[in-house]
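What TrEMBL lists as region 'Disordered' is 183-206. The transmembrane segment annotation in TrEMBL covers 6-30, 42-61, 81-98, 105-130, 142-161, 232-254, 274-299, 320-339, 345-366, 378-397.
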């Protein structure tokens, strides 16, 4: 079994995990904005997410000789380690619920803000729990100032979101208003007049509008599978904060599974190695995602169109992208846990800097914050600055597990 033992190796694992975990949400968001049903996308994603864990277990978990204290993956499958297995599976359950929540939250409040808020909550709550579970192997005088930076970042993210919403309302303020509903008739024929005006002003043809324009927002609403116009942003923020709580718990649960700090295993039974724990973690994540998303096919949430299992099987539009997202998330989580087992799970929470990557993709791929106000840009800059500072401080607190 291959084990990451050096601090340098742990940091490499964290950096790779940071890129993978920051990229897969952008792919899921891209598919939703192209109109693919989130139920279809998440079912595809969860298949390859589990497959990634199986690949890691059969490779890294089987490399080298098996020992009493570090048994290989197949050896551990037959051992009496169910208390630790249940902790790992509990972590998979809350991660699955968190990922499912963010898939809908991205549509309401944007990729950047969702990732910043949920990740910051994960660091503030989860990192504190991991610090004490890991017997304080991380340097507290460095770790907790980093946690404070994340806390400031989440406050700034909420303000950025409010400012960006105000900017979008200003862009759409010239839309015709229905006298009965007092709501902008965004998808009515009258909105075509606005699109025509935008074309005259050089904003491009329908479907190719410049990012950040009223035309762009209208065309996006027409294409996407989760309709957000006319709905309260409170829904998106509620889903985001729920996801943040879920994400805060999965890493401490995995920590308990691999290190048995509560001494739940019988005497003489070796602790779960990271690869075995990750396998059970991913199995429970897969089962929960499968049950919920098959249910959502027939009983969709938040106004998403109904579907069926047959329609899902026949929907190959974007399937390979969804498969890629699952692989990226699976390998990203595995690398995070490999680094955490070596340098402490509190320090490994530095991968929660994934909004730095997600914000980059949000701006490049989706035109988030394009043509926004100067106030929004200033707030965005300070939010990202606090994030970068937090990541540097958090990685600087890395310890070494004995």
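Just so it is clear, glycine is given a Cβ too, placed from its N, Cα and C backbone atoms.
Quick caveat, the model's predicted, so the values are computed rather than measured.
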Please determine whether the transmembrane segment (105-130) and the transmembrane segment (232-254) are in contact (criterion: at least three Cβ-Cβ distances under 8 Å, sequence separation 6 or more).
yes
Would you call the transmembrane segment (142-161) and the transmembrane segment (320-339) in contact, using three or more Cβ pairs under 8 Å, pairs 6 or more apart in sequence?
no
Residues sitting near the transmembrane segment (274-299): Cβ under 8 Å, six or more positions beyond its termini, same chain?
1, 3, 38-39, 42-43, 45-47, 49-50, 52-54, 56-57, 60-61, 73, 76-77, 84-85, 88-93, 95-97, 99-100, 250, 254, 257-258, 306-309, 311-312, 330, 333-334, 337-338, 341
Among 232-254, 320-339, 345-366, 378-397, which stretch has the highest count of C-beta pairs below 8 Å with the transmembrane segment (6-30)?
320-339
Is the transmembrane segment (345-366) in contact with the transmembrane segment (232-254), using at least 3 Cβ pairs under 8 Å (sequence separation of 6 or more) as the test?
yes
Long-range Cβ neighbours of the transmembrane segment (42-61) (under 8 Å; 6 or more residues past either end):
1-2, 24, 28, 72-73, 96, 99-100, 103, 273, 275-276, 278-279, 281-283, 285-286, 289-290, 293-294, 312, 319, 322-327, 329-331, 334, 338
